[in-house]
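Participant: Checked TrEMBL, it gives:
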TRANSMEM  24-50  transmembrane segment
DOMAIN    42-293  domain 'G-protein coupled receptors family 1 profile'
TRANSMEM  62-88  transmembrane segment
TRANSMEM  100-121  transmembrane segment
TRANSMEM  142-164  transmembrane segment
TRANSMEM  197-222  transmembrane segment
TRANSMEM  243-264  transmembrane segment
TRANSMEM  276-295  transmembrane segment
Amino acid sequence: WEFNGSFYQPSAFLMMGIPGLEALHHWISIPFCALYLIALLGNCMILFIIKKTPSLHEPMYYFLSMLALTDLGLVLCTLPTTLGLFWFNVRRIGFDACLTQMYFIHTLSFIESSVLLAMAFDRFIAISHPLRHSSILTKATVVKIGLAIVLRGMVSLLPIPFLLKRLSYCGKTELSHSFCFHPDIMNLACADIKVNVFYGMIVLLSTVGMDFIFIVLSYILIIRTVLSLATKEECLKALNTCVSHICAVLVFFIPMIGLSMIHRFGRDVPPLVNTLVAYTYLIIPPALNPVIYSIKSSHIREALLKVLWRKSE
């Protein structure tokens, strides 16, 4: 412990694996390794294919590249501590290292939310104003949107580590997960955390909450446009371009909302449920997103087959 008058701060926190199944951590690590491997290889494959295929150099796939980069960042944030705990029972994480990991996890999560909103906007323009799509979403505009997304995530969450660092901690130092999460750290403090709770809720609602609302509004407008199309074939063709994005939105937002609700209101929720929802939120989307886009996007599939065909010659 670091002592400064009445101010106490732990030198480290202790991470937790899956409660009640500690003896099986080595076996449990197998599916985690598989998911991490799928996420790393899948997202790298998406980035490689988009870079090497000139026909994919358009806004939809630029935003998909941003999504893949964000997913890679999330994987690399949680992989060392999660596998370190499962393989070697390394539970200790330094206080400052924990705050750093927490900042990047939350920042990348907020960036992913914003990228999904940008992808919804791209689909809305492509379906509602197809003739103006290329003039509205130029390369320069896409770059500006990307920079705005990154700055928004980084700046909005910058105060969080400092708000946690000012708190006094005492007693329990065990986290609920094998990574650092803001509500988890905050609840270990023995000081007044009203500022942390208030700021956390404001940031969550003004970023992820607003992103989700605008995504829903985008799809309401898309559905209105699709229903006005002349034939059923045109309707299905237009909606088919949105299926991958809708799946990515559901895979990301459902576990995130569930985890936020559990941390804030679910004090009686079993620890195992809390842990499983947290892992679903941080590991499943990065692993599933490249699979979803590889299956549903014919352009990605065709580009992948061309790359594999060239390598086999």
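Every residue gets a Cβ built from N, Cα and C, even glycine.
These numbers come from a predicted model, not from an experiment.
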Participant: Please identify the stretch among 24-50, 100-121, 142-164, 243-264, 276-295 with the greatest number of Cβ pairs below 8 Å relative to the transmembrane segment (197-222).
Facilitator: 100-121
Participant: Determine which recorded stretch among 24-50, 100-121, 142-164, 276-295 has the most C-beta pairs below 8 angstroms with the transmembrane segment (62-88).
Facilitator: 24-50
Participant: Can you tell me which recorded stretch out of 100-121, 142-164, 243-264, 276-295 has the most Cβ pairs within less than 8 Å of the transmembrane segment (24-50)?
Facilitator: 276-295
Participant: Should the transmembrane segment (243-264) and the transmembrane segment (276-295) be scored as in contact, given a threshold of at least 3 Cβ pairs under 8 Å and pairs 6 or more apart?
Facilitator: yes
Participant: Give the nonlocal contacts of the transmembrane segment (100-121) in its own chain as ranges (CB under 8 Å, at least six residues past its ends).
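Facilitator: For the transmembrane segment (100-121), the sequence-distant neighbours (Cβ-Cβ under 8 Å, at least 6 residues beyond its ends) are 60, 63-64, 66-67, 70-71, 73-74, 77-78, 81, 93, 145, 149-150, 152-154, 156-158, 160-161, 164, 179-182, 185, 207-208, 211-212, 214-215, 218-219, 245, 248-249, 252-253, 256, 282, 285.
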Participant: Do any residues, 6 or more residues outside the transmembrane segment (142-164), come within under 8 Å Cβ-to-Cβ of it, and if so which ones?
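Facilitator: Residues 59, 62-63, 66, 99-100, 102-103, 106-108, 110-111, 114-115, 118, 182, 185-186, 189, 195-196, 199-200, 203, 206-207 contact the transmembrane segment (142-164) from elsewhere in the chain.
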